[in-house]
Amino acid sequence: MLKVSKSPSLVRLKTRGESVCPISKTVDSFEVSVEYIPRGAVLAIEEFKKMVDSYRGREILHEELAVDLLEKVKAAVNPPYVKVTVKSYYIGVEVEVVAESGGVPPVYI
């Protein structure tokens, strides 16, 4: 966590990661996006990457991963709003899981 004297309106972080499907036991590659409204502190990029890398080799469904990552971000920076989106493809089907917490953020156009 990094303390900031001036908070931006919204922070959006994106990266890729891997986990293991608990059903098929195959490697699941995913793209993850985290959006949050900071409240005096922001998540260090290295800390975010470490959070995502913690799923490598771990058996977890994407639905659980999205909620787990949301809880980690909330614990780290206590944002009033956070949204985690996990995207992947499995047997030709695009899977997108969203976990949100807090009030509705302002609309960005």
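First residue shown is number 1, and so on along the chain.
Using the three backbone atoms N, Cα and C, a Cβ is placed for every residue, glycine included.
CYS21 (active site, thioimide intermediate) is surrounded by 15 other CB atoms, counting those within 10 A of its CB over all protein chains shown. Swiss-Prot lists CYS21 with the feature active site, thioimide intermediate, giving experimental evidence as the kind of evidence.
The annotation active site, proton donor/acceptor is assigned in Swiss-Prot to ASP28. DSSP assigns ASP28 (active site, proton donor/acceptor) to a strand.
Among the features that Swiss-Prot reports, substrate binding site is placed at ASP28, LEU43, ALA44, ILE45, GLU46, HIS62, GLU63.
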Alpha-carbon spacing, HIS62 (substrate binding site) to CYS21 (active site, thioimide intermediate), which is rounded to whole Å: 8
Spatially closest candidate among CYS21, ILE45, GLU46, the listed recorded positions, to ASP28 (active site, proton donor/acceptor) (Cα to Cα): CYS21
